[in-house]
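Quick look at what Swiss-Prot annotates:
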BINDING   H78, H80, H247, D322  Zn(2+) binding site
BINDING   H78, H80, H247, D322  Fe(3+) binding site
BINDING   R87, Y150, H183, E250, S327  4-imidazolone-5-propanoate binding site
BINDING   Y150, N324, G326  N-formimidoyl-L-glutamate binding site
Amino acid sequence: MLDTLLINIGQLLTMDQEDGLLRREAMNTLPVIENGAVGIENGVITFVGTAEEAKGLQAKEVIDCGGKMVSPGLVDPHTHLVFGGSRENEIALKLQGVPYLEILEQGGGILSTVNATKQASKEELVQKAKFHLDRMLSFGVTTVEAKSGYGLDDETEWKQLEATAQLQKEHPIDLVSTFLGAHAVPKEYKGRSKEFLQWMLDLLPEMKEKQLAEFVDIFCETGVFSVEESKEFLLKAKELGFDVKIHADEIDPLGGAEAAAEIGAASADHLVGASDKGIEMLANSNTVATLLPGTTFYLNKESFARGRKMIDEGVAVALATDFNPGSCPTENIQLIMSIAMLKLKMTPEEVWNAVTVNSSYAINRGDVAGKIRVGRKADLVLWDAYNYAYVPYHYGVSHVNTVWKNGNIAYTRGEQSWSTATI
């Protein structure tokens, strides 16, 4: 007997087409079962089909979805989840045209977050991150990548990673941990970036032993770390058994996309300034292009990543929030879907695949997340919508009714979130 049977699903978005990364026409294809049903037993999906095919199945609990839509839990493959403080005091300065470097000199910018993160205890960081995870869950997200990077020293980076490990045990959302110690060059290492990167590399063996990070990331950009420094750093991390990511070409066409494809990174993220050559190399690789249009929007920039061109040329595109306190303070991945549709010229079908299938592959979870398939974890979302296009079309609000994580209800609209975490 099943534990739970969901019936009368108007559109069941299984996302279950070919295995592997979705490209070109596959990105524009959504497998949908009309009048669908899903069976769950011991936290695992055991039946996927039509309501007619589900007749005769017995379950302890039968849930009538009222003709509404059900999808897999969404996957957010790029966040800066664990941090101290906030930066709303900088908004007025930005609107006045105060340059970012001047804000930095006043102790703001990333330095403000670094200082607040250093001062916070691990438990304070955990409680704050729980608040944000609760919000992500309410937007339908069940798997999240979480980066460190607001320490720029060993003690605080460890604290962030340990906080992420604790959150993995205490919150329903599955977390994938990324070490981003190479987020910026600290003042004390100005002009000595290679020495700083070596210091970060020296932390990796113990990090691997304690299983505190699965990925290593670096910010490859003008004035931060060069392409050659980034490649050398990430290749050494790969030698130590880590998978790698790269913040690439966010501002300038520096060659980060090319580097990511060349070294076999799991993903290249941002890519606003990616060159034609970089896009071509990504299309011929298994590196996912994780686009972060919410960041471009919040920074009030004119030029967005060329998502339409990337998809047309065969790049596997994913979407993420880039949730962070400075350049994209939102947990709302549904808003990101809307921005991607409007500014990256992605279709609703492409947007859905970019927050499920391809986003799961961007964090090496393609075999466990992003699809509704027999044998997979029952990470499901019931939407207050009757078709998939409505979600990115009606922007700025959450359309989520109920979220199941491993077969258990983790969020229901109108009821208190699972935790009592406060910001």
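Backbone N, Cα and C atoms are what each Cβ position is placed from, and that goes for glycine too.
These numbers come from a predicted model, not from an experiment.
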(request) Going by Cα-Cα distance, pick out whichever of the binding-site residues H80, D322, N324, G326 is nearest to E250 (4-imidazolone-5-propanoate binding site). (result) D322
(message) Please give me the binding-site residues out of H78, H247, D322, G326 that lie within 10 Å of R87 (4-imidazolone-5-propanoate binding site), comparing Cα atoms only.
(response) G326
(request) Starting from the Cβ of H183 (4-imidazolone-5-propanoate binding site), draw a 10 Å sphere and report how many other Cβ atoms land inside it. (result) 24
(message) Within 10 Å of Y150 (4-imidazolone-5-propanoate binding site) (Cα to Cα), which of the binding-site residues H78, H80, H247, D322, G326 do you find?
(response) H80
(request) Can you figure out which of H78, H80, H183, H247 (the binding-site residues) comes closest in space to G326 (N-formimidoyl-L-glutamate binding site), comparing Cα atoms? (result) H80
(request) Would you kindly give the Cα-Cα distance separating H183 (4-imidazolone-5-propanoate binding site) and H78 (Zn(2+) binding site), rounded to the nearest Å? (result) 14
(request) For H183 (4-imidazolone-5-propanoate binding site), find which of the binding-site residues H80, H247, D322, N324 come within 10 Å, Cα to Cα. (result) H247
(message) Other residues near the N-formimidoyl-L-glutamate site, CB within 8 A of the CB centroid of Y150, N324, G326?
(response) H80, F83, R87, I110, T113, G149, P325, S327
(message) Please report the Cα separation of N324 (N-formimidoyl-L-glutamate binding site) and H80 (Zn(2+) binding site) in Å, rounded to an integer.
(response) 5
(request) Compute the C-alpha separation of S327 (4-imidazolone-5-propanoate binding site) from H80 (Zn(2+) binding site), stating it in Å without decimals. (result) 11
(request) Which residue among the binding-site residues N324, S327 has the fewest other Cβ atoms within 10 Å of its Cβ, if you could check? (result) S327
(request) Compute the centroid of the Cβ atoms of H78, H80, H247, D322, then list the same-chain residues not in that set whose Cβ lies within 8 Å of it, in sequence order, for the Fe(3+) site. (result) T79, K147, D269, H270, L292, T295, A320, F323, N324, C328
(request) Please work out the number of neighbouring Cβ atoms within 10 Å of the Cβ of D322 (Zn(2+) binding site), leaving out its own Cβ. (result) 28
(request) Using DSSP with the three-state reduction, classify E250 (4-imidazolone-5-propanoate binding site) as helix, strand or coil. (result) coil
(request) State the count of C-beta atoms found within 10 angstroms of the C-beta of H78 (Zn(2+) binding site), not counting that atom itself. (result) 30
